[in-house]
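Student: Shown below is the structure under consideration.
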Amino acid sequence: MGTSSPEMAAALLLVMAALAGVAAGGDIVHQDDEAPKIPGCSNDFVLVKVQTWVNNREDGEFVGVGARFGPTIESKEKHANRTGLLLADPIDCCDPPTQKVAGDVLLVQRGNCKFTKKAKNAEAAGASAIIIINHVHELYKMVCDRNETDLDINIPAVLLPKDAGNDLQKLLTRGKVSVQLYSPDRPLVDTAEVFLWLMAVGTILCASYWSAWSAREAVIEQEKLLKDGHESSLNLEAGGSSGMVDINMTSAILFVVIASCFLIMLYKLMSHWFVELLVVIFCIGGVEGLQTCLVALLSRWFKPAAESFVKVPFFGAVSYLTIAVCPFCIVFAVIWAVYRRMTYAWIGQDILGIALIVTVIQIVRIPNLKVGSVLLSCSFLYDIFWVFISKMWFHESVMIVVARGDKTDEDGVPMLLKIPRMFDPWGGFSIIGFGDILLPGLLIAFALRYDWAAKKTLQSGYFLWSMVAYGSGLMITYVALNLMDGHGQPALLYIVPFTLGTFIALGRKRGELRNLWTRGQPERVCTHMHMQPSPKDTNCDAVSS
């Protein structure tokens, strides 16, 4: 409760940036280049819907994964055949089935022999397809051995996770069961990605204007203090920068190192209880961010309450407006945490996340382009390493595993913005890590602060073009995401070159790069030179520093 502390903002920045580099399309079975492709065993891995009917009445639907071998599975529901389902005897189908199949689909258990042998036995018995029940609750990719060069399997094979397979097997006790197998194609672009793009760009836009407005108010206050006399200006640094954190070169480098350690900790300790801990941390940050945003908005209409303070134990002086808003924020976060597995819980998560990002960008600042370049360049390498290169050591992408929450029963860690894919037959979410918004947002907020301080127009400044560059980079990220069959992409791989490159190129073209690089603020002629003890101080920046 109370004004957001710089220490908390810095800590939240670290937690959010640990998930800097992921934009993903949610749950999907991807192509696997490590699985061998040989003649007769070269299918792409696809998700398969298994629609069921019991006694000619439509029942549940299950989702499995198609095999590398066999014919491709029909993509159109209206073209898929509806056939009967039989439980294999023997149930593992490692020996030829004893019953007459006659075009039905065989349901078998995994184990005791190869997938290809089960499929061959089922085909020889006259089955039209085979559904294999896995012995664990996850999906598994059915592949072939490299020495199986004479495969000629002509029926599709689908693997179901253990729980889905057992439920399907129980349906057989209720009567005659028939199934329909098909694998609908995903849309090339889903509207969720468009809305996620708008959310990311809009968040940076709002945060940048708030940051620039706060900086301008600080300058106005600074000038008032200077007019009051030289003694007041001696306390300027403490008063003018209260509640703000300026990142320096050392912290920019250490930031990425510590974020890497934190990401490894998330990867190694990822479990149900650890996700619960992250939810608590996210709720604390979300309450702080939502409260800060609401107080800033409402203070214009409830100015007396915003300017009247009361001392609260452990929190110090707190405004009456903050006391009034805080319970609402706490209740909002608690309700989201309790019901976060509900269908529409993503709305609450996004509201808390956006408020948190906006607050951190308003508090944490990049002082100049040099620090911003180091921070974003390190984040760029961090992103690429943990999304792509980490596979060499961990045999999976650490960043994507953590972001999706693969080792838990959750839909992912809460430090993400997410929107459900509305027109995707497979459902799921489009997601983007907080760091993909926050880190470029720090640079873009710096651009707007500089533009306002230099009294630049929108077209002659840096903010507009940085925003365009960020939006373009994020758009390219989603193009790459779709071209790569939904594989999670390191968003900063595309965003950083666009955003930082545009900023540096414009600064160099306009001859302002040196000033942007070192000072981070324009030259300002000081109107209070008579108050300075030394004639060598020739501008207002010297006064404020």
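We number each residue from 1, going along the chain as drawn.
Positions of Cβ are set from backbone N, Cα and C atoms, glycine also.
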Student: Among Asn81, Asn248, which is the one flagged in Swiss-Prot as N-linked glycosylation site?
Tutor: Asn81
Student: Under the annotation given by Swiss-Prot, are Asn482 and Ala157 positioned on the same side of the membrane?
Tutor: yes
Student: Averaged over the whole of the topological domain 'Lumenal' (339-343), what is the pLDDT?
Tutor: 90
Student: Among Asp383, Asp436, the active-site residues in question, whose Cβ has the most other Cβ atoms within 10 Å in this structure?
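Tutor: Result for the most crowded candidate: Asp436.
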Student: Counting only pairs 6 or more apart in sequence, are there at least 3 Cβ pairs under 8 Å between the transmembrane segment (428-448) and the transmembrane segment (344-364)?
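Tutor: Touching, yes - the transmembrane segment (428-448) and the transmembrane segment (344-364) meet the threshold of 3 or more Cβ pairs under 8 Å.
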Student: What residues elsewhere in the chain lie close to the topological domain 'Cytoplasmic' (365-373), defined as a C-beta under 8 angstroms and at least 6 residues from its ends?
Tutor: 211, 244-249, 252, 442-443, 445-446, 449, 500, 503-504, 507, 513, 516-520
Student: Counting Cβ pairs under 8 Å that are 6 or more apart in sequence, does the total for the transmembrane segment (194-214) and the transmembrane segment (344-364) reach three or more?
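Tutor: Contact between the transmembrane segment (194-214) and the transmembrane segment (344-364): present.
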Student: Please identify, from the glycosylation sites Asn81, Asn147, the residue with the sparsest Cβ neighbourhood, meaning fewest other Cβ atoms within 10 angstroms.
Tutor: Asn147
Student: Using DSSP, what is the helix/strand/coil residue split across the topological domain 'Lumenal' (339-343)?
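Tutor: Per-class counts: 0 helix, 0 strand, 5 coil.
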Student: On the DSSP side of things, how many residues of the topological domain 'Lumenal' (395-427) fall into helix, strand and coil, could you say?
Tutor: 7 helix, 5 strand, 21 coil
